[in-house]
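Asks: Look at Swiss-Prot and you will find 1-23 tagged as signal peptide, backed by sequence analysis. Taken from Swiss-Prot, the feature topological domain 'Extracellular' covers 24-889, and the record attributes it to sequence analysis. Feature annotation from Swiss-Prot assigns disulfide bond to C47-C106, C132-C142, C173-C183, C472-C482; the stated evidence is similarity to another entry. The feature domain 'Fibronectin type-III 1' is assigned by Swiss-Prot to 124-220. Residues or ranges marked as domain 'Fibronectin type-III 2' by Swiss-Prot: 227-327. The domain 'Fibronectin type-III 3' annotation in Swiss-Prot covers 329-431. Feature annotation from Swiss-Prot assigns domain 'Fibronectin type-III 4' to 436-535; the stated evidence is sequence analysis. The feature domain 'Fibronectin type-III 5' is assigned by Swiss-Prot to 537-631, with sequence analysis given as support. Swiss-Prot lists 635-735 with the feature domain 'Fibronectin type-III 6', giving sequence analysis as the kind of evidence. Taken from Swiss-Prot, the feature domain 'Fibronectin type-III 7' covers 736-836. Annotation comment: Swiss-Prot describes 890-910 as transmembrane segment.
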Amino acid sequence: MVAQEQLVLLLMLLAGCRGGANAILDPGWVIPSKVEQLIGGDFNLSCTLNEDYFNGKSAEDCPVEKLYFTGGGRVYRDSKHIRILNNTTILFSDTNAVEQENDYHCMCDEYVINKSKVYVGTRPLLVRDFNCLDYDFQFMVCNFTQPPNTVITKYNISYNTNNDWRYSNTLDCNFDSAPVVTCNLTDDNYKRFSETFYFRLSISNALGHETQPITINHFERLVPARPGQNLTLLNRTESSVCLSWEMPRRSNYNRGLVWQVRVTPQNFEPITRPSWRNHTLTIKDTLCLTELPFAGYNYTLRVRVRANQNNTLWSEPMIYAFATAPAPPRRPPRVTYGSFYVYSSEKAMRFYWEPLEEHELNGPDFRYSISEYRINGTAVDPGLIKVESNSAMIDHWSMSAVHHFLIRSSNSQGLSVNATPMTIGPISNRDFKVREPRNIRSVYHPTNKSYTLSWDPPSDQRELQNYTVFWCVPKPGLQSECEGSIRFAEVASGLHHFTTSPDQLLTLHMAVSANYQSHNTGLHWAICSSDKKDDLAKMEPSIDVATSTSLTVSWSERVCAVILAGYNLTYCQRSAGRPDNCTTVTIDRYTNKHVIQNLVPYTDYSVKMLMYSDSRVSKYSDELVNRTGEAAPSQPRELQLIRVTSDSVELAWKPPLLANGVVRAYEGTFRSLHDNVTDTFRVSASADELVNNEKPITYRLGNLTAFTKYEISVRARTVYPSEPSNVILFSTAIGVPSPPQLYVINNPDQSSRLDWEPPRTPAGRIDFYEISLRDNNASCLTSTILPGRNLSYVMATPRCTSHNPFQLAVRAINVEQHPQLNGADAAEGAVLLMSTNGKGCEARTDALGEEERLQFEAYAANMTAYRLYRSDWGIYGFICTPDTHSVKAMYQTIEVTVAILVLGVIFYLVYKKYRKMSDIGLVLPQGIMETMKKPIDMGGLGLGLGPDSSVSGGIVCTRVDDSPPYTPQDLPHDFSSCGSESSKLLLRTASSSGGGGCVDRDGYDDNHETGPISAVGPPTSYLAMRHGLLVQNDRERERERDREQEREREQQQQQRESEMDREQSCTNGYIKPTQMKSWGGNGPSDNDHTFSVPSTAMTAPMSQPLSQIPLSGYVPVPIPQSRFNPAPVQPFGSPAVPSAATAAAASTFFPPAHLLNMDNYVQASDLHKLKPLVAAPLSQTGGPAFAGSSPATSPPLQLPPVHAASPAAATPKMADIGYTTMEQLQLTGLIKPPLAATVGSPTHAAGGAPGGGNQHSRLQPQINGYVTPQDLNAMAHNRHVL
């Protein structure tokens, strides 16, 4: 008991360990999972529930009390087999186990917890049929059958050839076709020439182990290869053939070989000859088959061979088909006395012979021929005789003549040597009367399938020698002709019957002839099946044709009709498998067919027959059972209506009383009385109707037209349709009409005339029409109810535009009264009424008469008693009144859309160009770099930039011109945009001019002698500055903050001045530099806004206030087309002003002023896009041109006097690059006129005297982002003062 508890605990422990691994997959475990036990032994199985699997489930899902086992077709629940160990485990025990191989399942109710495979069998059993075969010394195959055992058994086979098991080899076996095991021995260890093989079978399973030794005589198990390799036919004659073939491994058989030769003629038994020996050579074998019986005949040769040793095995046979050489037929056909037949016309005769057998034909193209034909000894052409395979026919036969024939056989090799003579003597009418057998009859014996022919002797038996009996297979419908061979036998004159051999065909034609010494009337065919004295045979009728009401029965004649009194035919209607209501009919003896009439369709009938004579009655034939065909059923009954709706009707009827077959379907026909259209429907029949034909059949016919009269009937159909049922008439209910077709005519007085056609499908009386005016979203604006008789209406329509179109719509309304609505009808009515609501407005009824209005209000107010069916809207598109610009508006919309798309694309391309140009860096030309290395004295600026300054840099060339007035309000300050276009343009300027621009500047700045000015435009001046001026320092940042504070104080004044400037001029433009650096200086001065500039052209220094001007903001801009350069600086001359021609030339060079107005911001990088105009020719003399110029054409600000260099310099120089200079802005009117504060300055026309001791008023632009033309003029003015 302790040991058992320990075993249970061990099993539980194993179950717990296994459950930890499979807790997710298995609801429990069965241990062990496989059991192998001896028959009669005991075994135990434990089943443990997996508690983790049942977590979260109710405890009653599978308690341990519900566990049980099933296996081997049994259920184990009792305490004898099941014992509960704990709250999760049970133990199953089985004693005295029987042989089995089953799955045992641990079950909880109908669910499987787990299973175990149980094998109960025996220890290993010894093999009984181990055998090996060696195939022509090539390989060995061994096989055996595993003894039956339910316990899995393994087999290991080893072998050797000297019985020394220290050295053995393993045999490779295939168990796929178990229980038959096949082992192959084909490796290099195969000892082909060893006589003995020793095998050892090691057999083991879970119940034991066995070793079985087996010894095989190798040579006795040899199987030679099939002979016939490279078979050759050496010779062939009419009775022999010689063959030759190879056998390569003949030398391996030391004791020689034994041959077996069998020759089988076609359709004969095999024949053997002791002389048929195999002439064996070293490699080839030669066999000659002699004394073969048939020429030109087919034979089959079978040759096999075995080793010349006892108990050896035969090889596979060589099978060879051959034919002997053909030869002429050996004999003619046989004939007998009386083997001819005289036709009833007595003018044609056919004579018969016995054909040769197939093996006697001796070759192809076999036939029979008449080699000689004589009539009364006179030779006649044999071609007059029609020769067939077993007979010949003479059409013009004479009964009084003697006919003599010679019959031969022939084939492709020629005629037979011998001929069969046949002579037919004259026949008289008396011979036909007294010398022919009488009452010829035959009896068929079905037991052995034989026939017996009987006859009565002729009236005249004198000189009667014997009888000849003939039999053959008759041709269909021809009693006097045979199909195939005719056989005959002689019968003694004292016998009057003949029985054929057994196993004859069912239809056999027999005849007999009476042979006299000098007379013969030929053969006479039997026409009777039996004799009176014989027992009447059981008939074998057959049912040939079955219709719905008749059966046609036929039978064959077994006896002559003259011996019969008639036939009895009995037929019975079968119910419940038994005959019932039988009827017997008597049939005339000369009849072989009868039709049974007036039968019930689709009913089983049994038929049997017998024949009777005056003295006998035959046994009834075997009963034939047949079923009549199907017929049309009776009509369906009691067709009636159950429910009618607007589009359907529910019908009911009862099945027909007489099905007369299988009712497959019901076919209904319904006709609309409105348009006389007929349609059909089909309802499949069910099997329940065969059981209960009183149960009504219901069908719902849909897709009907509302408010229409119909007539309907139903037919039942088997194979044929029945008569129609009763016809019923009904009308469908009122329904939803189809939408009217609306036409609208727009009137000029903002009204529209609506005309519509009635609904094609009114589905009712059309009580009302509803007219609706709706907006673009199909929302109702107005709705009007009209009487159902109205088909037109004029209504006011509002004026609409393309942004506010509207629709006109009309729909029909039917009203149906339903005093009681319940169930599905009420629900359907609610749906119909609710479907009419939507985005709408309240319908107006003022167009109705008083009575009609009250009716409509009553209908609408009482939805439970009335049902309103509204059709879909008949809509007349979107209209406008008037609608003359709809097409134009559409085109305008398209144009605006296209314009927006084009502008978007242009903006995107400009933005990409701007981004690309803003990334260009400043690279100065080499010439400018060299100039920047020279020391330049700028100490006069008061900025600490003298010759000794350590700040190095380049020079920026700019054009100097009189400064125009400006106001700070004109400047939208913005320095956030950076770019390098100016550097690129500066590089182009330097490279194109070769640095000449700065040379001109030096000539202008260093030679301030007075002299006349040429007629060219104002000269170009330059402002030289160090590269360090472009660098911003801390002091500059402080000044920036000061400027911001000052800007706030002057904001109000700037606004007022900006308004004045806008009134004076509207041509101010803005030039956004691509890059601006802050202005820098050495340090603060006493007055941040003033500094003194010495001038070589004046006797006293002039001091003017100057704002912090970022000189780097004025950038060179390329001119796409060349323009005139200013004249070179003259060393002497008097002050002058630009001439009118100069101003005109400058004004014609630039584009119109509207390109740079207050609303047109232009970046500096875009100035090169301004196309220059054609320049006017300039005057070559300065004085007259100046004198001739009027004050109106003089610029508002004038430059200091300059000197002409030489007369030759008056010729303008063409250049392909220029600068955006102040005179360009002035002459085009882009700058503002000078303010009052600047009038009287030395640069003004009125104050241009040399007495320039007066202080010039310095323009102070607030440069914070954008540069205006005024700012650039101020820069030029300050440079000139310097």
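Cβ atoms here come from the backbone N, Cα and C positions, even for glycine.
Buried or exposed, and what's around them? Tell me for each listed feature.
Replies: For the topological domain 'Extracellular' (24-889), the model's average pLDDT works out to 86.
In three-state terms derived from DSSP, C106 (disulfide bond) belongs to an extended strand segment. For C106 (disulfide bond), the number of other Cβ atoms no farther than 10 Å from its own Cβ, over all displayed protein chains, is 26.
All protein chains considered, the CB of C142 (disulfide bond) has 23 other CB atoms within 10 Å.
C183 (disulfide bond) is surrounded by 21 other CB atoms, counting those within 10 A of its CB over all protein chains shown.
The DSSP breakdown of the domain 'Fibronectin type-III 2' (227-327) into helical (H, G, I), extended (E, B) and coil residues amounts to 3 helix, 49 strand, 49 coil.
Helix, strand and coil counts under DSSP for the domain 'Fibronectin type-III 4' (436-535) come to 0 helix, 57 strand, 43 coil.
Around C482 (disulfide bond), the C-beta neighbours below 8 angstroms that are at least 6 residues distant in the chain are Y352, N390, S391, C472, V473, P474, K475, H509.
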Asks: Identify which of the disulfide-bonded residues C47, C132, C173, C472 has its Cβ surrounded by the largest number of other Cβ atoms within 10 Å, counting every protein chain shown.
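Replies: When each Cβ's neighbours within 10 Å are tallied, C47 tops the list.
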Asks: When each of 227-327, 329-431, 635-735 is checked against the domain 'Fibronectin type-III 1' (124-220) for Cβ pairs under 8 Å, which one has the most?
Replies: 227-327
Asks: Can you tell which of the disulfide-bonded residues C47, C173, C183 lies nearest to C132 (disulfide bond) in space, using Cα positions?
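Replies: That would be C183, the closest of C47, C173, C183 to C132 (disulfide bond).
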Asks: What is the three-state DSSP composition of the domain 'Fibronectin type-III 3' (329-431), stated as helix, strand and coil residue counts?
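Replies: For that range the per-state counts are 9 helix, 43 strand, 51 coil.
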Asks: Taking each of C47, C106, C142 in turn, which of these disulfide-bonded residues have a Cα lying within 10 angstroms of the Cα of C183 (disulfide bond)?
Replies: C142
